[in-house]
Amino acid sequence: MPQRFIVVTGGVLSGIGKGIFSASLARILKDSGVNVNILKIDPYLNVDAGTMNPNQHGEVFVTDDGYEADLDLGHYERFLGINVSRKNNITAGQIYYSVIKREREGKYLGSTVQIVPHVTSEIKDRIKTMDGDLLVIEIGGTVGDIEGEVFLEAVRELAFEIGREKFHFVHVTYVPYLRTTNEFKTKPTQQSVQLLRRIGIHPDTIIVRTEMPIDANSLFKVSLFSGVPRNRVINLPDASNVYEVPDVLHSLNLHKLIAKELDIDINDRFNWSYPKSFELLKIGIVGKYLGTDDAYKSIIESIYLSGAQKPIVIDAQELEDMTDEQIKNYLDDFDALIIPGGFGRRGIEGKIKAIKYARENKKPILGICLGMQLMAIEFARNVGKLEGANSTEFDENTPYPVVNMMESQKEVLNLGGTMRLGAQKTQIMKGTLLSRIYDGQEVVYERHRHRYEVDAEAFPQLFKNPGEEGYKLTISARSDFVEAVELDDHPFFVGIQYHPEYKSKVGKPHPIFKWLVKAAGGKIND
């Protein structure tokens, strides 16, 4: 059980960077010699994020142990340089499911099951099972959300039971700038802190998020009306690069203040290195989730951490109505393309057209999960002349099911948590570009999230092993399934069934993205 706790709450509105702040502070303390762990609490009733729409909630992040999580766990892994697990995320759905299950099993011995104490006790018990000496707890949403109240009550009770001196509460809030009057408005933050105090939680530190640096008088007002000392009201304006945040926090010495208050010994060593200059490469993600960049968060960050500027999301549906010439005119402007994972029929034909363009014009392209499957379909249609080739996901009656549902998935009825998930052993074939990318490693463990597979056995005319002759897709990685394909005589035509984006860390992006960036810059043989 952890001995010290930092609890991060949010105020005014969501999406203001609690996850980045929590990950940054945890990284600083980790580098300072503290055995730190981190936990994300999501108040939604979903058991996990696996069935959520990426347009609404952002990407689903997959851990090594096969848990489908909120994208904040991706921030934790990238910033801390660690691999988290399902234990690092608690949802309201998990808590209520567990409590109801216990009641049905008679574990409460006939008690009237209530929010307090039964639900709060379940939350506290899960927090107590976490590893590490110091636990950073990020509570999702904002203070005042009805679904989050039970979690705030649980951490309040925990602080009372264990000892308030072992807890440090950080409230991350937002102060808007009203351009019509040229002033910052602190009233929403004041009211947010008042709500928190009514619950029984008095913040020790307030992080004031703003679009631009705030004036000292506004910070004084936040301090005065919140009852938090001025030196603990800290402004964090928007950064052009989120990887600047740990440096900024470290310079503000917040970690020293917290360590002193929690009686933690630190050595104040901080080793933080991230890309500060970027190649001006235009890399396109041919996708279908356009509502937010968060839908492809880990891919975007992997490209960024590999030293290239932020990729652009291309609407796959727009490509569907274009001719080959129009697509060429449009995509010629890009240095490389990525076909990401996804589900459903929408935009599929546009992605296939983009793959055809990249194959014929030797444009560097990376297909991830569904992207690899579509590479096989495109090759079957346009090279193998198998008219109507498809995946049974999109056409159950296709005459050429190049992509089919895995046998183990055909009897599965529920959608949540039932795919082939998490780290799976993958054998890399010698003599392939993929083998060069992995620096000769023969076995790797990569994270998966899929129900469908490329059926190479049924269509041997389309695939070959490394070193064999003929214009076919080379199978460059295997498990019980086809894990990767590539194309000879092409600078970078690589499809992978797994998701390398989930394993990129600050200072250590996944090598597949580093090589894609090299190919985009024409440096594949450097």
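Cβ atoms here come from the backbone N, Cα and C positions, even for glycine.
Binding of L-glutamine is attributed by Swiss-Prot to G342, L370, G371, M372, Q373, E393, and within the candidate set R269, R447, R451, R478 the record adds R451 to that site.
Binding of CTP is attributed by Swiss-Prot to S14, D145, I146, E147, K185, T186, K187, P188, T189, Q190, and within the candidate set K40, K101, K107, K221 the record adds K221 to that site.
For the ATP site that Swiss-Prot gives as G15, I16, G17, K18, G19, I20, the extra residue drawn from D70, D72, D125, D131 is D72.
Comparing Cβ neighbour counts within 10 Å across the recorded positions K18, K185, K221, H499, the minimum falls on K185.
Of all the binding-site residues listed here (S14, T189, Q373), it is S14 whose C-beta has the fewest other C-beta atoms within 10 angstroms. Calculated from their C-alpha atoms, the gap between R451 (L-glutamine binding site) and C369 (active site, nucleophile) amounts to 10 Å. Considering only the recorded positions I16, I20, I146, C369, the Cβ with the fewest other Cβ atoms within 10 Å is that of I146. Within the set G15, I16, G17, K18, G19, I20, D72 that the record links to ATP, no two Cα atoms are more than 12 Å apart, and one pair reaches that distance. For G17 (ATP binding site), the same-chain residues 6+ apart in sequence whose C-beta sits under 8 angstroms from its C-beta are V172, R209, L236, V242, V245. Neighbour counts of Cβ atoms within 10 Å were compared across the binding-site residues G15, G19, G342, G371; the minimum falls on G15.
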